[in-house]
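A short write-up of the structure that comes next.
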Amino acid sequence: MTGVETMGKNENQSVEKNEKSVIDEEPKINYRGWKVMPFIIGNETFEKLGTIGTLANLLVYLTTVFNLSSLTATNIINIFTGSASLSTLLGAFLCDTYFGRYKTLGFCTIASFLGLLVIQLTAWIKKMHPPHCGSESITCTGPTTGQMTFLLAGFGLLIVGAAGIRPCNLAFGVDQFNPNTESGKKGINSFFNWYFFTYTFAQMVSLSLIVYIQSNVSWAIGLGIPAALMLISCTLYYTGSNYYVKVKATGPAPLTSLAQAVVVAIKKRRLNLSEYPLDSSLFAYVSPQSINSKLLHTSQFRFLDKAAIITPQDGINPDGSASDPWSLCSMQQVEELKCLLRVIPIWFAGIFFYIAIVQQNTMLVFQALQSDRRILSTNFKILAASYTIFQMLSLTIWLPIYDRILVPSLQRVTKKEGGITVLQRIGFGMFLSILCTMVSGVVEERRRTLALTNPIGLEPRKGAISSMSGLWLVPQLTLAGLSDAFAIVGQVEFFYKQFPENMKSLAASLFFCGLAGSSYLSSLLISIIHRATAKSSTGNWLPQDLNKGRLDYFYYIITALEVVNFGYFILCAKWYKYKGTGSSSSGDLQLDQVSKPSERTVNTV
C-alpha cells in the first residue's frame, strides 16, 4: 500500500495549494444581512398576502360560486396543495443547476401574479363561472368544461410560481448573512423564526380582512386585492436587486456528484473495507471550488465508503482530483450522500405529522359552518374560513417569545446554539399534533350531539347548525399553531442545516414535498374512509352534512396514526447523526467543518 499512501499525500498537498490560490483570488462578498430584509421579507409578506388571500377561502369559493360538492372541492384543494408542494422539487433542481435563486424567484413571482389574475377573472366575468345557485335550490348547475379549464389554468400558474418561490425564498434570505461570523449565525437563526412570523402575519390578514371582503362584499373585489398585492410583491423584489448577494447556479454538479458516489459504490461493492486502512486508502480530495463545508467521516452507511477506496487502477490528476470520477469518488462526496440518506427517515415522519395539521385547514371549515359562529350575544359571525386565524395567532404570538425569551434562557442551561436541538424541537411539535387531533375529535363529538339535540338553524346544502359556540374550535387551532411553531419551523431549519451548501434550494423543496405527501395522503385517507363507510351500519363518516356522519371517528384514526408516527420519529432521532459529527480515525479525514464564504460563486454589487 506504499504507492497508494504516496498518492494520498501528494494529492492532499495539491489540494492545499489549490485552496489557498482560490481563496486569494475570490472577491470579497458584501453581506448586507438585515439591511436587505425589508425587500426580501416585504416581498415574502405581500406574496403570501396575495396567494393566501386567494387560497384561504378557495374551498368556499369552489362550493358556492362553482357549485362543487364539499368532497370534490376538498380533494381539488388537497391535490392542488400537493402538486404545488411537489413542484418545488423541479423548481429547486432548475434553480440550483441552471438559473440561481435570484432569477428563479423573479420569474416565479410573475407567474404567481398571472395565476391570481386568472382566478380573479373567473369571479369578475360572469361567463367564467356557473350561474348563481340560491340557498333554497336542491340541485345546482355545475361548471362547464371551459370554465373548469380556465380555473385550472390559474391553478397551474400558481403551481409554477410555487415551484420556485417556496424552495428559493427562504434560502435566498439566508444567502444575505455571513455564515462565518457570530452576528451572521445569529441572524440566520433569527431569520427562520421571523420569516415564519411574517408568513403567519400575512395569513392572519388574509384570513380576516380579505376573506371578509370575499364573503360579504364581492368575490371579484376580494380576489382582485390579492392579485394587486402580488403585483406589489414583484415590484418590491426587483427594487432591491442592486443590494442582494446573488449565489450563482453550480450546474448539474450536485446531483451528478451524488450519482457518482452511488455508481462507484456499486462498482466496488465486492471490495472488503477491512483490508483498506482509513488513513491511507480512502480518497480525501476536496475541490477548491466547492462551496460545501468539509465533513467528518461517519460510520453510518459504511458500504458507501467503498466508493472512495483507491485501487491500483484508479488514476489521480496533477491537481489531486480523480481522473475518472465514475471510478473513484472522494470521501467528501460520500459523506454528502450520507447527509441526504440520513435525512430521509426524518422527512418521512414529517409527512405523517402534517396530516393532522391539514385537517385544520379543510375539515375544520365545514365544522365551523355547522357551528354557532356568533360572537357572544351579537349577530356578528366569524367567517368559517377565518377560524384558521386562531392557529396563525398562536404561532405569531409564540415565535417572538420563543426566539427572544425561551431560547436565550435554554442556551444558558443547555449551552446549545438553539437552546434545544432541532430534532427535539420537531419532536415536541409532533407531540402537540397528537393532542390537537385528540381534542378535535372530542370537540366534534360535542358539536354533533348539540346539532342533533339542540340546533339553532339550518346551513344551506349542509344541515342543522349546532348550538355549540364556534369558539370551542379555538383550542385545537391553538395546539395546531404551536405544533407548527415547533415542528414546521424546526423541519425547515433542520433540512437547511443538514443538506450540503450547494443544495439549499433542494433542501427547502424536500420540506414542501413532504407537505405534498401529506396532502395526497390526506386526500387518499378521506377517499378510503368515504368509500369504506358509505355502506356501513354507522353510515358514511364524511357526508355533506357532518351531523349525519362521524367526523370524530376520523379524527381519532388520525390520532392513532400520529401516535405510531411519533414513536417512529423518536427511533429515527436517536439514530440520527448531525452533519459535522462523525467517527473519524485519521488525520486526512478529520476535515474542519467550516463554511468557505470566500469560495462561494456570487454576483455582488
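The first residue you see is number 1, and the count goes up from there.
Quick reminder: no glycine exception, Cβ is built from N, Cα and C everywhere.
TrEMBL does not curate its annotations; it predicts them automatically.
Taken from TrEMBL as is:
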type	residues	note
REGION	1-21	region 'Disordered'
TRANSMEM	49-70	transmembrane segment
TRANSMEM	76-95	transmembrane segment
TRANSMEM	107-125	transmembrane segment
TRANSMEM	145-165	transmembrane segment
TRANSMEM	192-213	transmembrane segment
TRANSMEM	219-238	transmembrane segment
TRANSMEM	340-360	transmembrane segment
TRANSMEM	380-401	transmembrane segment
TRANSMEM	422-443	transmembrane segment
TRANSMEM	477-496	transmembrane segment
TRANSMEM	508-533	transmembrane segment
TRANSMEM	553-576	transmembrane segment
REGION	583-605	region 'Disordered'
COMPBIAS	592-605	compositional bias 'Polar residues'
Task = Using Cβ atoms only, state whether the transmembrane segment (219-238) and the transmembrane segment (107-125) have three or more pairs under 8 Å that are 6 or more apart in sequence.
result = yes
Message = Applying the under-8 angstroms CB criterion, which one of 76-95, 107-125, 477-496, 553-576 scores highest with the transmembrane segment (192-213)?
response = 477-496
Ask   = With the transmembrane segment (340-360) as the reference, which stretch in 76-95, 145-165, 380-401, 477-496, 553-576 has the largest tally of C-beta pairs below 8 Å?
value = 553-576
Most Cβ pairs under 8 Å with the transmembrane segment (553-576), selected from 107-125, 422-443, 508-533 = 422-443
Request  = Count the CB pairs under 8 A between the transmembrane segment (508-533) and each of 107-125, 145-165, 380-401, 422-443, 477-496, then give me the winner.
outcome  = 477-496
Remark   = Taking the transmembrane segment (76-95) as reference, the highest number of CB pairs under 8 angstroms among 107-125, 145-165, 422-443 goes to 145-165
Inquiry  = Under 8 Å for C-beta pairs, could you tell me which stretch among 145-165, 380-401, 422-443 has the largest tally with the transmembrane segment (477-496)?
reply    = 422-443
Distant-in-sequence neighbours of the transmembrane segment (422-443), which means Cβ under 8 A and at least six residues beyond its ends = 346, 349-350, 353, 356-357, 359-360, 364, 367, 472-473, 475-476, 479-480, 482-491, 493-494, 497, 552-553, 555-556, 558-559, 562-563, 565-566, 569-570, 573, 576
